[in-house]
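A quick write-up on the structure given underneath.
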Amino acid sequence: MNIEQLKERQKRIRNFSIIAHIDHGKSTLADRILEFTGTIDKRIMKEQILDSMDLERERGITIKLNAVEINYKSKDGKNYIMHLIDTPGHVDFSYEVSRSLAACEGAILIIDAAQGIQAQTLANVYLAVDNNLTLIPVLNKVDLPSADVPKVKEEIKETLGLDPEQALIASGKTGLGVIDILEQIVTRISPPQGDIQKPLQALIFDSYFDSYKGVVPSIRIVNGTVKKGDQIRFMASNSVYEVVEVGVYNPKQIVKDFLAPGDVGYLTAAIKSINHVRVGDTITSQTNQALLPLPGYKQMNSVVFCGLYPVETNKYDILKEALEKLKLNDSSLIFEPESSNALGLGFRTGFLGLLHMEIIQERISREFGVEVIATAPSVIYHVYSIKGEKLLVDNPSKLPSTQMIDRIEEPFIKATIMCPEIYIGKVMELSQNKRGALQNIEYIDSQRVMINYLLPFSEIIYSYFDKLKSLTKGYASFDYEIDKYRVSKLQKMDILLNGEIVDALSLIVHHDFAYERGKAICETLKEFIPKQMFEIPIQAALGKKIIARQTIKAMRKDVTAKLYGGDVTRKKKLLEKQKKGKKKMKTLGKVQLPQKAFLAILATK
């Protein structure tokens, strides 16, 4: 192809992503688009075709983003090349959404015609607006008996500020509206900007490890071209490689001769080092280098931390390798080695949220065969010492002694909760119990409200979302953004078994909630720790002060059973001997903490 032909081809490229609240039918609609355009043969079609992980299909959610090239002949008679970049809908994976949007010019915003606008819909709209994307609203699931199109169109106008007349109606189940969506993509989303004659600039928006091809980055070409044999340089890591292969996803890999501006695909270059490929980095040509990297997506910081330890201690190295490989296409995952007296060697690991933490643990177990124990999740605290120093603490065991601390600040979040009006009282009660401060209540319509709360992040990382769902019978939706740090009355609480501190059970608690939290943990441990030959005290302590205690009674052996008749002093002598033996056992005895006790404690909050 000559330059003019390539420029003409570029005018017929459309890059778009599909964004939606979790469970609004995004993956199903993507399936219908792929089926209608003939991208996927009906014989090999399976539900959620772009959700390549088994875990995604089982849970019915999208975790990783996926890109696929679609060829579509429009009503104007021209053939268009479309790149659909599928995105997750859960709040924890908004970084995946931001990566997708950095590679697009437009987005299809899917809204469930029965449920209406949800909290995450709102968050995704703001992300799209920040990226200057053209938004095409689509009302999905209009075939449901409970669908209320006029009401949802009114919500689009009032809550999102978009023109409701431009909203399309569709059904991912029946395929209704797919042609309208494709035609709107052609007419409303602009072709990609980019100059074929400028030095190569390609944005890495994802990557994964292939045991034969090495590290494979997914890229969006902004300027220039790339083909087999080119010398390329990764601008952040400054590493140079020779391109072995370029191609696109369909959704399996299809090798191409070259990739030009607007193309979304992949390249391989026998990259063996995981650290050389960073998501958000720019690839340029080694011989004709771009001066500046592309303004990439924003780097997301981990906000929830926990210790991950292998159940079988000899699998430490496999766990390390698993985390390194998962980090490759999940740039927000961070980890560093740590050790615990109770659990041995493991890693302090950072995540974007609780679902993210759960998914990573499950992937380690499924893909690498390593069962892990996770300690209680915590957030990053700002600790100011009496000398004026500021410490960042994500692990309770790193907290200095109380005498050395001037004040502790914890992160707060701005929470947006949408729910039916009848559940306002329950939502407010739950949020107040989690130390929340009400900011605003706004009626979306006569039945639904939007409630804004300021909440400590440490309070929602346990079971806030689960409780919210059960209190509102599943009707509430929840989204949050990190706000600033605020001073709180926080203290470190230690759990002692037989007088010894168990470091893996230490946690940072609010002073007002310390007693009930300590009492709950002691009761849980009493239930799950098996009896020993000696008595085991379980204590919760704030500094030197014990605030809660439970005792596991000793197993009793009847040492007087062999006596018959005779002197009572003989009986007393044997009981005294047993008492001394138990006292000695107690000083020497170690209490083993079973894994199920750890898991039960995580569920107590």
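Please read every residue number as a count from 1 along the shown chain.
Cβ atoms here come from the backbone N, Cα and C positions, even for glycine.
The GTP binding site feature in Swiss-Prot is assigned to Asp23, His24, Gly25, Lys26, Ser27, Thr28, Asn140, Lys141, Val142, Asp143.
Positions annotated as domain 'tr-type G' by Swiss-Prot: 11-193.
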| request: Select one residue from Ser27, Asn140: among these binding-site residues, choose the one with the most other Cβ atoms within 10 Å of its Cβ. | output: Asn140
| the domain 'tr-type G' (11-193) [mean pLDDT, rounded to integer] | 77
| note | Using a 10 Å radius on the Cβ of Val142 (GTP binding site), the other Cβ atoms enclosed count 21
| query | When you measure from the Cβ of Gly25 (GTP binding site), which residues in the chain that are at least 6 apart have a Cβ under 8 Å away? | reply | Ile110, Asp112, Asn140, Lys141, Gly172, Lys173
